[in-house]
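Annotated features in TrEMBL:
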type	residues	note
TRANSMEM	16-40	transmembrane segment
DOMAIN	69-263	domain 'ABC transmembrane type-1'
TRANSMEM	73-95	transmembrane segment
TRANSMEM	107-128	transmembrane segment
TRANSMEM	134-155	transmembrane segment
TRANSMEM	195-217	transmembrane segment
TRANSMEM	244-267	transmembrane segment
TRANSMEM	288-312	transmembrane segment
DOMAIN	346-542	domain 'ABC transmembrane type-1'
TRANSMEM	352-371	transmembrane segment
TRANSMEM	391-412	transmembrane segment
TRANSMEM	418-439	transmembrane segment
TRANSMEM	476-498	transmembrane segment
TRANSMEM	521-542	transmembrane segment
Amino acid sequence: MAEAKGQSVRSRGLGGLAYTAGGIVAVGAALAFLALFFFWPVGAMLGRGLGDWAVFEQVLSAGRTWRIIGQTLGMALAATAGALLLGVPGAYVLYRLDVPGRRALRALATAPFVLPTVVVGVAFRALFDDAGPLGFLGLDQSTAAVVLAMIFFNYSVVVRTVGTMWAAIEDLTPAARTLGASPVRAFLTVTLPQLGPAIAAGGALVFLFCSTSFGLVQTLGRPGYGTLETEIYTQTTAYLNLDVAAVLSVVQFAIVALALIVSGAMSTRTERALGLNVHNRAVPIGRAAVPALAVTAATLTFLAAPIIALVAGSLRVRGQWSVHNYLALTQTGAGFSGGTSVLEALDHSVRIALDSSVIALVIGMILAFALSRRAEGRWARAGQRLLDTAVLLPLGISAVTVGFGFLITWGASNTIPTSYIVPLAQAVVALPLVVRSLVPILRAIDPRMREAAATLGASPGRVLATIDLPIMARSLGIAFGFAFAISLGEFGATSFLASPDYLTLPVLIGRLLSRPGADNYGMALAGAVILALFTSAIMFLAERVRPRGSHGGIL
């Protein structure tokens, strides 16, 4: 009996060793994926930019370079300020006040963030062009339009980041009011210091997203007035100045890295502050809330306006209501020789998104399991923190940088077929969000459940199949949905890598906008509506299966 028991223990030990070895192999494969398809392309881009000091110095000494850097920072800072000015009152209304229909209003505030950037750009073109509702303002393809689109896209980041904190902090304003402070003074001296970390974290995150808004600037900005990302694209595709593009990529990488560091530090402070507080009940609406309510109502109207203009514009042809633009989706548009129709591009996008989502989900699951396990020992904990940083890096690196890196590594080597490069690049872009969606659920699983199953003789694989996977099934669904939606609307990296005979829908919409003619413009509007419907439906389904209390991902 003792011998049999010893054999059983040894077999479980061997099984554990095999499982550990298998786990090491799986994590090694995931790390190899990151090394080959993220660190090598980005490293090659950095090496090319810094390799020739003469070119580096020449590019940085050019006045045009500093003008583009100024435009990039200026638009990002202006949009960040606008998002904070509108988002903080919105956070108060949607997360602190007892407002009727609060869940629906939160959904409306969040909707712009899940839309592809190319859709947002086309929507603002429809709002501000000569035939649009606000065409009389003369803002079509202006810097102001780009900044407004950035605010539109990132408003929900501030609302969610600040609102979560506002709902949790202890309300000390009644005490301040009792001591004679006015509502404004109570806010500035009591509430604002409590919200400071969340406001700083939201602002840093918005700046990060605004400085990497390639799709918005490319579709909405006027020719000749761009950002670092659009200049990198122009130098690469129009002038074939890869060395100049590499230097600009290094500059853009430095700006994004700085924003990512600040965002990470502020997010950590916010999480610590949230850990010290409990959620409070919503407070009733009072007179002091009227200004915030007015600002939020105006902002929500602003959020709805571009989408309404986009849908209405897609149904207007030469001043008449018509479905002609949708009937033309099977055509390639005026000025194209052969080429791809909108429906064909949608088919390409769906196929590529499926491939990239499967890749991101498989790699993301492996990395999420590694990050969710309790690390024993100082070196194990340090390695886990390093892995966490490595996994999240693609979230802070511009998709344009990833695409350019792929172009000068895998695109130049011809070792991978072109049809595989785009899904791999999109999987890299989507991977951090997949991991962020899965890790909280895995960490929430009671380890005693796994220990009890192992005690009853279940192998590690059976524990995984009977405990972990059933619990995280809904999170797997939302992670796949997020990855699919991101890949479907991805524009930055795909602009560099898409084959001319296998264009994705976002890239085709951008090309339709750049072509003259009302038919091309109408098809771009209709294509943007189709893309928005697809991504919104996917995100809606993903949110429907989100586990209660789960807040994985950015929003």
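Glycine residues also receive a Cβ, built from the backbone N, Cα and C atoms like all the rest.
Sequence-distant neighbours of the transmembrane segment (476-498) (same chain, 6+ residues past either end, Cβ-Cβ under 8 Å): 114-119, 212, 214-215, 218, 229, 233, 236-237, 349-350, 352-354, 356-357, 360-361, 364-365, 398-400, 402-404, 406-407, 411, 418, 421-423, 425-431, 433-434, 437-438, 469, 504-507, 510, 531, 534-535, 538-539, 541-543, 545-546, 550, 552-553. Residues 34, 37-38, 352-353, 355-357, 359-361, 363-365, 367-368, 371-372, 391-395, 399, 402-403, 406, 410-411, 472, 475-476, 478-480, 482-483, 486-487, 490, 492-494, 497-499, 502, 504, 550, 552-554 of the same chain, all 6+ positions outside the transmembrane segment (418-439), place their C-beta atoms under 8 angstroms from a C-beta of that stretch.
Here the listed stretches are 73-95, 288-312, 352-371, 521-542, and the one with the most C-beta pairs under 8 angstroms to the transmembrane segment (195-217) is 73-95. Annotation: stretch 73-95 has the most Cβ pairs under 8 Å to the transmembrane segment (288-312), among 73-95, 134-155, 244-267. Counting Cβ pairs under 8 Å to the transmembrane segment (521-542), the stretch among 73-95, 107-128, 352-371 with the most such contacts is 107-128. In this chain, the transmembrane segment (107-128) touches the transmembrane segment (134-155); three or more CB pairs sit within less than 8 A of each other, excluding pairs fewer than 6 residues apart.
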